[in-house]
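The next block holds one structure in the form of structure tokens; read it before the comments.
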Amino acid sequence: MDLQGRGVPSIDRLRVLLMLFHTMAQIMAEQEVENLSGLSTNPEKDIFVVRENGTTCLMAEFAAKFIVPYDVWASNYVDLITEQADIALTRGAEVKGRCGHSQSELQVFWVDRAYALKMLFVKESHNMSKGPEATWRLSKVQFVYDSSEKTHFKDAVSAGKHTANSHHLSALVTPAGKSYECQAQQTISLASSDPQKTVTMILSAVHIQPFDIISDFVFSEEHKCPVDEREQLEETLPLILGLILGLVIMVTLAIYHVHHKMTANQVQIPRDRSQYKHMG
């Protein structure tokens, strides 16, 4: 009985040691995160890099702005009116992140943590007619804001921290092994904990890859958003049509020139038979 009694605590101690070892391994493998926004030529765009074991595992370039509605008292101090705060993600933000095989995460904090953005990416495999196909997507966005912060909010009623979350989000869907690129603006609606308020997140100049980065600090092949592809087609279509029209004109002129030359070299046969004697 004594041996059995001693064996149970030993097993518990072993479990505790294993849990501590697992925790220490996670801490030692914790990724380093860099804010490289100063390298961007676009003052509104931020650049974030997450690295694990000296290798880039997540890269994100984008400009982000949040449209946040909030209530203030009307001049009669009886009615409420809704104002709007435009909050841009600024340079010099604090960044955290982690990479995983099927889940990656990016967190950004700015203005003394009055604002926080959390983006969760997932990689999934789907069974298609031609076989399994893997994609990644932005599956969740969370925005925490403090309406008592005076730079963007003016005399907000019930000022304090609020959390806005996406609902059943599936954005930036991209084939696995590729990066997502989109210069056009994209909007994502977030339901706020502030009653009956919806926060709008506006993304632009986006270039993101949260999985399968092969070269350090280098994006993989781009998967462009449909809006960019359509705009690119609209830009190149007039050029293509112009080239086709120019080619048609050149071919027409060449045919005319050849026809004219062949016609000029032909012997003109007189219609009047009396003129045959003058030939030869």
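From the backbone N, Cα and C atoms, a Cβ is placed for every residue, glycine too.
Quick look at what Swiss-Prot annotates:
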- 1-29: signal peptide (SIGNAL)
- 30-235: topological domain 'Extracellular' (TOPO_DOM)
- N35: N-linked glycosylation site (CARBOHYD)
- N53: N-linked glycosylation site (CARBOHYD)
- N127: N-linked glycosylation site (CARBOHYD)
- 236-256: transmembrane segment (TRANSMEM)
- 257-280: topological domain 'Cytoplasmic' (TOPO_DOM)
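Sequence features annotated in Swiss-Prot and their locations in the structure.
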residue : record                      : CB count, 10 Å
N35     : N-linked glycosylation site : 16
N53     : N-linked glycosylation site : 8
N127    : N-linked glycosylation site : 8
Any idea what the Cα distance is from N53 (N-linked glycosylation site) over to N35 (N-linked glycosylation site), rounded to a whole Å?
17
Could you state the CA-to-CA distance between N127 (N-linked glycosylation site) and N35 (N-linked glycosylation site) to the nearest Å?
37
Would you identify the secondary structure of N53 (N-linked glycosylation site) according to DSSP, in three states?
coil
Tell me, what is the mean pLDDT of the topological domain 'Cytoplasmic' (257-280)?
62
